[in-house]
Amino acid sequence: METEPGPASAWAAEGPGEPARLDALMGLALVEARAALATQDVPVGAVVVDAAGRVIGRGRNRREADGDPTAHAELLAVREAAAALGQWRLEGCTLVVTLEPCTMCAGALVLARLPRLVFGAFDPKAGACGSVSDVVRDPRLNHRVEVVGGVRADECGEELRAFFRARRR
């Protein structure tokens, strides 16, 4: 697990229970990712938790299901969280997602003022939170996101590898 400095949030302080909490939340995101398989979508899943650690948004990739190129797990979870809060600012919230967000999703996290991102697998081809670019920590933007990457990375990555192996057969 790799942690990068960023704005503080209710979840930012690492304590003895922090790795276990992140592991459990990633488990919820993995459940969402696996559900995407039913619609032939790439298995990426996400959850948004509020400052108290309650899940207030869930999402899974639905590009194939909805015919919508913007139906990424992160955006769907963020929309649901904003609706639950009744506002677009997701201050005090954390997004947990199985794959490093792309440029579109990373931009949405900045715009939503989300203070913290936790992701599983790194995306060396399209990751916009450190791998290819770093939208969420760009000093030119008005908000930056704390990033914790690599939580259950092997398991998250294997879900994706298995999906693409099956598609190539």
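Even glycines carry a Cβ here, placed using N, Cα and C.
Straight from TrEMBL, the features:
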type: ACT_SITE; residues: Glu74; note: active site, proton donor
type: BINDING; residues: His72, Cys102, Cys105; note: Zn(2+) binding site
type: DOMAIN; residues: 20-148; note: domain 'CMP/dCMP-type deaminase'
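Across the domain 'CMP/dCMP-type deaminase' (20-148), the model assigns an average pLDDT of 98. Each of the binding-site residues Cys102, Cys105 was assessed for Cβ neighbours inside 10 Å, and the highest tally belongs to Cys105. The Cβ of the residue listed as 'active site, proton donor' lies under 8 Å from the Cβ of Val44, Ala46, Gly59, Leu95, Val97, Pro101, Cys105, Ala108, Leu109, each of which sits 6+ residues away along the same chain. Residues His72, Cys102, Cys105 make up the record's Zn(2+) site, and a Cβ search at 8 Å around their centroid adds Ala73, Glu74, Leu75, Pro101, Thr103, Met104, Ala106, Ala108, Ala128 from the same chain.
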